[in-house]
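Annotated in Swiss-Prot:
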DOMAIN    1-52  domain 'ClpX-type ZB'
BINDING   8, 11, 33, 36  Zn(2+) binding site
BINDING   129, 130, 131, 132, 133, 134, 135, 136  ATP binding site
């Protein structure tokens, strides 16, 4: 008669030479294996070593007002006023909620709040063309609030079991951005770009991954709605013998972004062409972009996002395509404007860099023509400046002027040796 092998009551593994199983000593039919015993011991050690003061510090995130948050966005993001207002309110409410939920009953400033009401979080969906400022807004406020941020592309994510990146790896990136501090990561921001590319109706289909995109959406739903997730601290695929870190996603702010090409058609069909200014017009890209401000959750479901995911993205706002005038401002006005960055680089080597107005406008026109938005400005600048940058160490004491011809026709810029200002002695 074969002896029945014992199984671990926690992981259901059979007893083996390298994984012995012991009885609990209390209940006859309850067993625990060596692996689960080690994991349990590590978890208990973590709880015993917790420093309550550190936990409180992790929760104590500064919460500037929505006006202060928008003012910070105004320093780096040109235009998009409505989107910046909505985003600022959403971020303010999110971190105010975390602070309120962490207060004890005695710490509540108002007796009305002492009623066991727990505030739920509102994640954000930003709809707008490539290079319109979606990622920059999230990065700017994360830096301002001194919280970690992880940025992922939804097109690289796959359902468990397919070739590609596990959805949980987003949280691994966030943990790494928090320098391994779990508590800090649990109050961070996750930005998922190109969320529209994993719609159930996506044309980008492949036999090597979930063809509908719904599996990836379901996997995202689990972490977005708030749950405790086991992640490998160094990323990669999960396997039974590796160590995991537990992250609670309940207080992580998820921001999703996408261009949603074709969404305007869905909105127009729903409205029946009864929107002022669109009835009887010839369809164009500008018309579709203008229609996006009328977007409703049902339109996004028709586009191919699952209702459960839309139900977790409570704050929806749209960003407009960037005009030529706005593109020129992006190049020159923000604190970290590209023109200012290049001028700083030249200053370090003792040279002075000037851009003629026509040159800046030409850069903006090229970015619009390439349909890359503000994101494409740097590559245009790099292409136009590469030869000059190569010679830069020998240009100390020169004034260099970039003209329209330098940008459009690759002509060499004007280089003039600066005159030394020698004062005569009296």
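Every residue, even glycine, has its Cβ placed from backbone N, Cα and C.
In terms of local Cβ density within 10 Å, 136 ranks first among the binding-site residues 36, 136. Across the fold, the C-alpha of residue 132 (ATP binding site) and the C-alpha of residue 33 (Zn(2+) binding site) stand 54 Å from each other. Put plainly, the binding-site residues 130, 132, 135 were compared by Cβ crowding within 10 Å, and the winner is 132. Per-residue pLDDT, averaged across the domain 'ClpX-type ZB' (1-52), gives 72. Taking a C-beta cut-off of under 8 angstroms and a sequence separation of 6 or more, residue 133 (ATP binding site) has the following same-chain neighbours: 77, 78, 79, 80, 83, 319, 322, 374. Summarising the environment of residue 11 (Zn(2+) binding site), the number of other Cβ atoms within 10 Å of its Cβ, over all protein chains shown, is 13.
For residue 134 (ATP binding site), applying a Cβ distance below 8 Å and a minimum sequence separation of six or more within one chain yields 126, 128, 191, 193, 257, 319. The two recorded residues residue 33 (Zn(2+) binding site) and residue 131 (ATP binding site) have their Cα atoms spaced 52 Å from each other. Comparing residue 129 (ATP binding site) with residue 11 (Zn(2+) binding site), their Cα atoms are 47 Å apart once rounded. Just so you know, of the binding-site residues 8, 33, the Cβ with the fewest other Cβ atoms around it within 10 Å is the one at 8. Cβ atoms within 8 Å of the centroid of the Cβ atoms of 8, 11, 33, 36 (the Zn(2+) site) belong to the same-chain residues 9, 10, 12, 13, 19, 21, 31, 32, 34, 35, 37, site residues excluded.
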